[in-house]
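According to TrEMBL, the transmembrane segment annotation covers 50-73, 132-152, 164-182, 188-207, 245-262, 268-288.
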Amino acid sequence: MTTEGEKTTATAAPAGSARRTVTRAVVGRLSWGLADQAASSLSNFAVGVYVARSLGLTAFGVFSLAWVTYGVVLSVSRGLATDPLVVRFSGVPDASWRGAVARSSGTALGVGAVIGAGCLAAGPVLGSSVGPAFVCLGVMLPGLLLQDAWRYSFFAAGAGRKAFVNDVVWGVALVPAMVVAARVGSVAAFVLAWGGSAAVAALYGCFQSGIRPRLTGAREWVRDHRDLGYRYLVENTSVSGASQLRAYGLGAIVGVGAVGVIRGSELLLGPFLAVLMGLTLVTVAEAARM
C-alpha cells in the first residue's frame, strides 16, 4: 500500500528532474549565444587590425566608412526582418518556423538589394577615394545581411550551435580572402573580401537550414509584422545612425584618417560588446519561449 508521503516524493522527483533539464537547456543556449558573438567579435577585430596594418590609417578610415554604413543597413534589416522573427517564432513548431524563416530571410535579402542599389548609385558621386568602397559594399550587402539573418533564425529555433558554426565558416573564409586583398592593396579589395566571405557563410546557411529565402514573401512579412518591425527599425537605426553621422562628420571636417582612429579605438570594446550582444540575442528568444 502506497502512503501519501511516498506519492508526494514520487511526484516531486520527475518535477525536479524536468526543471534541471530545462535549466541545462537554457544554459546551453546562452553559452552558444556567447560563443557565437565571441566568434563574430573576434573576426571583426581581426579584420579591423589587418586592414589598418595593411593599408594605413587613412585607407582604414575609408574602409570604416563602409563598415559603419553596413552597420546602419544591418539595423534596418534586423528591425524589419529578424527581430520580429525572434520575438514571434522562437520555440514554435518546425513547419511554422521554416515558413517564417523563408520570408524573413527573403526580407533581409530584399533590404540588401534595395540599399545595395543605392550604394551602387552613390559610389560614383562620392569620388575616387570613397566611391569604389561603396560600390563594392553595394554588391556585397545582400550576402552580408543574409548571413546575419541565418544567425537570428538559428537562435529563434534554439540552435545556437548552428549560428556559431556559421560564424566560424565566415571567419575561415576570411583568411584567404584577406590575404588576396592585401596583395591587391586597395580598400575596395578588402570590402569585396569581407563581403565575399560573408556570402560563403550565407550560402552555407542555406544548407544548414534547408531553407531557400523567399524574396516574394518580403512584402507580406513586413506587412504582417509592421507593429514590431517599425518600432525595432526606429530603435535600431537611432543608435547606429548616430555612429554613422559621427563618422561622416569626422570624415568631412577632419578627414577620413580621423574616422580610422575612432574606429580603431572602438575595436577595443569588442570583448564587452560580445558579451552584451550575445546575451541580448539569446535572452530575447528565451523570453519569447516563456
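Any Cβ shown, glycine's included, is placed from N, Cα and C.
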Cβ-Cβ under 8 Å with the transmembrane segment (132-152): same-chain residues at least 6 beyond its ends: 36, 62-63, 65-66, 69-70, 73-74, 77-78, 81-83, 85-86, 104-105, 108-109, 111-113, 115-120, 122-124, 126, 162-163, 166-167, 170, 186-188, 191-192, 194-196, 198-199, 201-202, 205-206, 208-209, 213, 281
Residue numbers, six or more beyond the limits of the transmembrane segment (164-182), whose CB comes under 8 Å of its CB atoms: 32, 35-36, 39-40, 42-43, 46-47, 50, 54, 147, 150-151, 154, 189-190, 192-194, 196-198, 200-201, 204-205, 208
